[in-house]
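S.K.: The structure that follows is given in the form of C-alpha cells.
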Amino acid sequence: MLRYIVRRLLQLVPTLFGLSILLFAWLHSLPGGPEAAMLDVRATDAKRAEVRAALGLDEPLIVQYGRFMKRLVRFDLGDSFTTGTPVMEEFGRRFPATVELTVVAMIIAICAGIPLGYLAARRHGRIFDGLTVTGSLLGICIPIFFLGFILKAIFAVKLGWFPSLGRQDVDVNATRVTEFYVLDGILTQEWDASLNALWHLILPAIALASIPFAIIVRMTRASVLEVLGEDYVRTAEAKGLRENTVRGRHVLRNAMLPVVTSIGLLTGGLLSGAVLTETVFVFGGIGSFLATAISNRDYPVLMGFIMIIAVIYVLINLAVDLSYSVLDPRVRVR
Amino acid sequence: MSAKTDRIDRLAELTARKDEGGHGLWYEAFRRLRRNPLAMTGAVIILLFVLIAILAPWLAPHDPAAQTWLGEIRGAEGFIPGPRSGNWLGVDGLGRDELSRLIIGSRQSLLVGVVATLLGFTAGAILGGLSGAFLGMFGKAGRWVDSILMRFNDMALAVPSLLLAISVATILGQGLVTVMIAVGVTQIPVFARLLRGSMLAQSHSDYVLASTALGVRKRRIVLNHILPNSMSPVLVQATLSLATAIIEAAGLSFLGLGGANAANPEWGVMLADSQQYLATNLRLAVYPAVAIIITALGFTLLGEAMREALDPKLRK
C-alpha cells in the first residue's frame with residue numbers, strides 16, 4: 001500500500017515536468033504579452049520593450065524557463081505580473097473560496113444524489129424512477145449560469161432569503177485565520193461570521209451542484225440496478241438476512257465503486273470549472289481570477305495555478321484509487 | 001493465408017451473429033430504441049430542432065435584425081413589450097422580434113454542436129484509437145507509445161477547459177469559429193480516453209482469444225475485430241456531447257467569447273444579452289434558455305437510451 005502511494009507520487013514528477021514545458025510553450029505562443037495589458041495602446045515600442053525587460057521577458061525562452069524551474073524547486077512560483085504579490089499568496093487567498101464552494105456543492109450533490117439514485121433503482125420502472133431520471137437529465141441540460149440567475153432572481157432578489165453575491169456581508173467583522181471563511185468563524189468562535197459565510201454559499205453551491213447531482217443520481221441508479229441482479233444478493237436474501245443488512249452490506253457497498261470514481265473526477269472538475277458560478281455570484285475564487293489572468297498574460301499566475309490544480313487533480317485521483325481497496329477487498333493496490 | 005483468415009473471420013462473425021439471435025448488434029439496439037418512449041421523445045425533439053434549423057429563413061415571421069422603435073409599441077406591462085399580435089413572443093431590448101431570433105438562432109446552435117462534436121470525435125478517436133492499437137499490436141513498445149499518449153491526455157484533462165477556450169479566442173479572436181474549436185478541443189481527451197478504454201476492454205474478450213488461437217494476425221484482430229466493436233460507447237458519447245457542446249457554447253458566449261452579429265443571432269448570446277433586463281424582463285432570458293434546455297434534453301435522452309440499448313449487460 002505504502003509502496004503504491006510512493007510510486008504514484010513519484011510518477012507526479014515527470015508528469016508535472018511535461019506539463020510545465022507544455023504550459024510554458026503554450027502560454028508564450030499566445031499572441032500579445034503582459035505589457036499590452038499593463039500599458040496604454042498608445043505606448044511607444046521603447047516603453048513596451050522597457051516593461052518586457054523589467055519582467056525578464058526579453059531573455060531567451062529557455063533562460064526564462066530555467067529561471068522558473070529554479071524557483072519552482074524552492075516552491076516559489078514568482079510574483080503576479082498584474083498585482084505584484086507572490087503567486088502562492090494569491091492562490092492562498094483565492095483557493096479557499098473555490099474549495100468551500102466545491103465542498104458544499106459536492107455535499108449537496110452526494111447527500112441528495114445517492115439516496116435518490118438508490119430509491120429510483122429500488123422502484124425501477126415506476127413513476128418515481130421515471131421522474132428521477134428525467135429530473136437528473138434536466139439537471140445536466142440547464143446551463144449553469146442560467147440556473148444561477150434564476151436562483152438569484154427568485155431567492156435573493158424576490159424573496160430576499162439569501163444574499164445575492166460575495167462570500168460574506170461586508171459589515172461582518174471577522175478575524176481571518178485560514179481564509180476558509182466558514183472554518184475561520186468556527187476556529188475563532190465567531191459563530192455569526194461562520195453562519196453568514198455559509199449563508200452566502202448556499203445559492204452558488206446549489207447552482208454548481210446541479211451537474212454532479214445529476215451524474216451521481218444516474219451512476220448510483222445504474223450501479224444499484226446492476227448489483228440487485230447479482231447472485232450474491234439473492235443468496236443473502238435467501239438465507240434470511242434482514243433487509244437492512246442486505247441493502248447496506250451487500251447492495252450499497254458494492255454499488256458504490258463506480259459512484260466513488262465519478263465523485264472523485266467530478267470534484268477535480270469542479271475545482272477548476274466553477275468559473276461560471278463564481279462569475280454569476282461574484283465569488284472571488286480561482287476560476288474568475290484565472291480567466292482574467294489569461295487575458296492579462298499573467299504568466300506566473302497561470303503557470304502556478306494550473307500546476308497546483310494539476311497536482312490536486314492527481315492527488316484526488318490517487319485518493320479515489322485508494323478508496324477502492326477500502327470499499328472492495330478484492331481490489332488490492334499494487 | 002488471406003483466404004484462410006477470411007474464412008476464419010467469416011466463421012467468427014457468423015457464430016457471433018447466431019448468439020445474438022440472427023441479428024446484428026445495431027439492429028437489435030435500434031429495435032430496442034424504437035420501443036423506448038424516452039428515446040423516441042428525444043428523437044422527435046432532435047428532428048424538430050433540425051427541421052427548424054434547416055427551414056429557419058422560411059419559418060421566421062420577421063427579419064431577426066429588423067428593429068421596431070420601442071417608443072412606438074411600448075406595452076402596458078413594461079418598457080419592453082411582451083407577447084402581442086405580430087410578435088408572438090414579444091421583442092427584445094433592441095425591438096427585434098424574439099421568435100424570429102430564436103428560430104434563426106437554432107442554426108448557429110446546431111452548427112456549433114455538430115462541428116464541435118465532429119472535431120472532438122475525430123481527433124479524440126484518432127488519439128485513442130492509436131493508443132489502443134499500439135497497445136494491442138506492438139507489445140512493450142506499444143505500451144510505451146500508449147503510456148506517452150495517455151499521459152498527454154491526462155494533462156489535457158487537468159487544464160481547465162475554459163482556459164483552453166479563452167486561449168483559442170486570443171489566437172482566433174471572438175466568434176463562432178472560436179467557440180466551435182474551443183468546445184471541440186475540450187472534448188478530445190474525453191473521446192480519446194473512452195475509445196482506448198473500450199478497446200482495452202474488448203481485447204480481453206473471448207472472441208479475441210479465439211481469433212488469436214486460430215492464428216489471425218494481431219493487426220487484423222485489432223483493426224477488424226476490436227476497433228469496430230469498441231465504437232459503440234464512443235458513438236453514445238458523441239450524441240451526449242452534442243448536448244454538452246450546445247450548453248458549453250452558451251457558457252462561452254455568456255463570458256463574452258461568442259460572436260454573433262445582429263443578423264445571425266445565437267441562443268447563448270441572446271441569453272447573455274438578456275442579463276441587463278433580468279430584473280424587469282426575465283422572459284428574455286427564459287426563451288433562449290428553454291430553447292437550449294429542450295434541445296440539449298433531446299440529445300441527452302437519445303444518447304442515454306442508446307447507451308442502455310447497446311449495453312450487453314442490460315440486454316435480455
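First residue shown is number 1, and so on along the chain.
Glycine too: its Cβ is placed from the backbone N, Cα and C atoms.
So TrEMBL says this about it:
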TRANSMEM  A:12-30  transmembrane segment
DOMAIN    A:95-324  domain 'ABC transmembrane type-1'
TRANSMEM  A:101-121  transmembrane segment
TRANSMEM  A:133-155  transmembrane segment
TRANSMEM  A:197-217  transmembrane segment
TRANSMEM  A:257-290  transmembrane segment
TRANSMEM  A:302-327  transmembrane segment
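How buried are the listed features, and what sits near them?
M.R.: Beyond its flanks by at least six residues, the transmembrane segment (A:12-30) meets 61, 64-65, 68-69, 72, 297, 299, 302-303, 306-307, 310-311, 314 of its own chain at Cβ-Cβ distances under 8 Å.
Residues 128-129, 132-133, 136, 198, 201-202, 204-206, 208-209, 212-225, 228, 252, 255, 259, 263, 266-267, 270-271, 274, 277-278, 283, 285 of the same chain sit 6 or more residues outside the transmembrane segment (A:101-121) yet have a Cβ under 8 Å from a Cβ within it.
Residues of the same chain lying 6 or more positions beyond the ends of the transmembrane segment (A:197-217) and with a Cβ under 8 Å from any Cβ of it are 100-102, 104-106, 108-110, 112-114, 116-117, 120, 132, 135-140, 142, 144, 147-148, 151-152, 155-156, 162-164, 166-169, 174, 181-182, 184-185, 259, 262-263, 266, 270, 274, 277-278, 280-281, 283.
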